[in-house]
Amino acid sequence: MAVIQKYGKNYSPDLVCHKENHPLDKIGVAGCHKKWSEHNSNWPRPVARVWTVVLLLGTCLLYCARVAMPICAVSMAEQFSWSKRESGMVLGSFFWGYCFTQVFGGYVSDRVGGEKVLLLSAAAWGSMTAFTPILAHFCSQPILSMTLARFLMGLLQGVHYPSLASLCSQKVVESERGFLMSTVGSGSYLGTLVIGGAGSLMLDVYGWESVFYVSGLLSVLWAYCMWKYLLKGEGKGCFSCVNSICVILCCYLVPAYLYTWSQCPLVAVIVTHLCTASTFFTLLSWLPTFFKDTYPDAKGWVFNVIPWLVAIPSSLFSGCLSDHLITQGFDTASVRKLMQFFSMGVSSVFTLLLCGNTTFPWTVAFVSATMGLTTFSHSGVSVNVQDLAPSCAGALFGVMNTCGAFSGVLMVYFSGYLIEATGSWASVFALITTVNLLGLCTFLGFAEARRVDIDSSKVRHHNIHI
C-alpha cells in the first residue's frame with residue numbers, strides 16, 4: 001500500500017501545460033470562440049452543496065427508474081405470459097443500450113457542460129419510464145415493445161455517470177471531489193432501497209403500472225426543477241446544440257484520444273475500474289442466489305437490505321475522509337491509492353471469509369463489510385480520472401464504464417459456469433478476490449494524480465446554451 005506523504009509531488013495545484021506545437025493546436029472550427037478553460041469556474045461551497053443534494057436525488061431517481069422493471073418483471077411476465085427466457089431478454093436489453101452511450105455522453109458533457117446533458121437525459125428517460133405501461137398495453141407484441149423500451153432506457157441512462165464525472169471535474173475543487181462523488185454515488189444504493197420498499201408496496205396495492213408512473217413522473221419533475229431553479233431556465237436552442245455536438249465530435253474526438261490514451265496512468269485507471277466494476281456486478285447478481293442456496297430459510301429482506309444500508313454511510317465516510325486528508329496537505333495520489341486499497345484490498349479479506357462455513361448472521365456481516373468497503377472506490381479510481389484529465393473526464397469515465405459493464409457481464413456468466421462445474425461458491429469468491437487484487441496492484445503501481453490531458457486552453461468550441 002502506498003504510504004501517504006504530506007506535500008508530495010502531486011500536491012501542487014498548478015496545471016500541466018504542454019508544448020505550444022501540440023498537434024491539437026492546429027485544429028480549428030469556424031465560428032468557435034469559447035475556450036474550455038472559461039467553463040472551468042469552480043462552484044462556491046454553498047452552491048456546491050446545493051448541487052450535491054440535487055445530484056444525489058437525481059441519482060436516486062435514476063435507480064428508481066432503472067430498478068422498476070426488475071421489481072415488476074414477475075407480475076408483467078404473468079400478465080403477458082412471458083417465459084423465463086423472454087423475461088431475461090427484456091431485462092438484459094438495458095445493458096446493451098447502457099454501453100453504447102457512455103463515451104458519447106461523457107465527451108459531449110466535456111464540451112457543452114455535464115449539467116445540460118444530465119437535464120436532457122433525465123427528461124428523456126423519465127418520460128420513457130412513465131410511458132412504459134402505455135407501450136406495454138397498446139402494443140400488439142408487449143415483449144418487443146418492452147425490449148425496445150429497456151434498450152432505449154439504457155441508451156438514455158448511459159450518459160448519467162460520465163456527465164457527473166465531467167461536471168465534477170469542471171466545477172468542484174480537487175479537495176472536495178471525493179465528498180461530492182461519494183455522496184452522489186450513494187444515491188444508487190438509496191434509490192435501490194426506496195424502489196425496493198415503496199415500489200413493492202405500490203406493486204401489491206395499485207399494480208405494476210403505478211411503479212413506472214410514479215418513478216417516471218418524479219424523474220421528469222426533478223429535471224424540470226433543475227432547469228427552472230439551478231439553470232435558471234436558460235436557453236431554447238436544442239437544435240443548435242445538436243448541430244454543434246456533431247461538429248465538435250468530428251473535429252476533436254480522434255486526435256484528442258490518440259494523445260490522451262498514450263498516458264500510462266489513464267490506462268491504469270481503466271484497468272482498475274474494469275476490475276472494480278466486474279467484481280461489483282458479480283456480487284450484485286449472484287449474492288441473492290448464494291443466500292437462497294446456502295440459507296434457504298433466511299428472510300430475503302434481511303440480506304437484500306442490510307448490505308445496502310451499510311453501503312450508504314460507508315460511501316459518505318470515504319468521501320469525507322479523502323477530502324479531509326487532501327485538505328490537510330497529504331499527497332492526492334496517495335490518498336486515492338489508500339481509498340482504493342480499502343475498496344479492493346480490505347474488502348477482499350471479507351470476501352474470502354465467505355468461502356468457509358459460517359452462520360447466517362456472520363455471512364450477512366461479511367457481505368455488508370464487503371459491499372461497504374467497495375464504496376470507497378468512489379473516492380479512489382472514480383475520482384482519479386478527474387485528477388488526470390479534467391478536460392475530458394466525462395468521456396474517459398464513459399470508456400471506463402463501458403469496459404466495466406462488458407467485463408461485468410462476462411464475469412457474471414463465467415461465475416455461473418464455475419458454480420455448475422465445481423458445485424462450490426468458494427470458487428466464485430476466490431475469482432472475485434483474484435480480480436480485485438489484480439486491479440489493486442495495477443492502481444498502486446501506476447496511478448498518479450498529475451494532469452496528463454491535452455492543453456485544453458488551446459481547444460475551442462461553440463458557446464452552447466440549452
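Just so it is clear, glycine is given a Cβ too, placed from its N, Cα and C backbone atoms.
Here TrEMBL flags 50-76, 88-105, 117-136, 148-167, 179-203, 210-230, 242-259, 266-286, 306-326, 360-381, 393-419, 425-447 as transmembrane segment. Residues or ranges marked as domain 'Major facilitator superfamily (MFS) profile' by TrEMBL: 51-451.
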Inset, instruction - Mind checking which residues of the chain, 6+ beyond the ends of the transmembrane segment (117-136), have their Cβ under 8 Å from one of its Cβ atoms? - result: 55, 58, 61-62, 65, 68-69, 76, 80, 105, 108-109, 142, 145-146, 149, 152-153, 156-157, 159-160, 163-164, 166-167, 208-209, 212-213, 215-220, 222-224, 226-227, 231, 238, 466
Legend entry - Proximity of the transmembrane segment (393-419) to the transmembrane segment (425-447), 3+ C-beta pairs under 8 angstroms: yes
Inset, instruction - Could you tell me whether the transmembrane segment (425-447) and the transmembrane segment (179-203) have 3+ CB pairs under 8 A, leaving out pairs under 6 positions apart? - result: no
Legend entry - Stretch with greatest number of CB pairs under 8 Å, the transmembrane segment (425-447) reference, 148-167, 210-230, 306-326, 360-381 candidates: 360-381
Legend entry - Contacting positions for the transmembrane segment (266-286) when only residues 6+ beyond its ends and CB under 8 Å are counted: 260, 340, 343-344, 367, 370-371, 374, 377, 381-382, 384-385, 388-389, 396, 399-401, 403-405, 407-412, 415-416, 419, 428, 431-432, 435-436, 438-440, 442-443, 445-447, 452
Legend entry - Other parts of the chain folded back onto the transmembrane segment (306-326), taken as Cβ under 8 Å at six or more residues beyond its ends: 4, 174-183, 185-186, 189-190, 192-193, 287, 332, 335-336, 338-339, 342, 364, 367-376, 378-380, 383
Legend entry - the domain 'Major facilitator superfamily (MFS) profile' (51-451) [mean pLDDT, rounded to integer]: 86
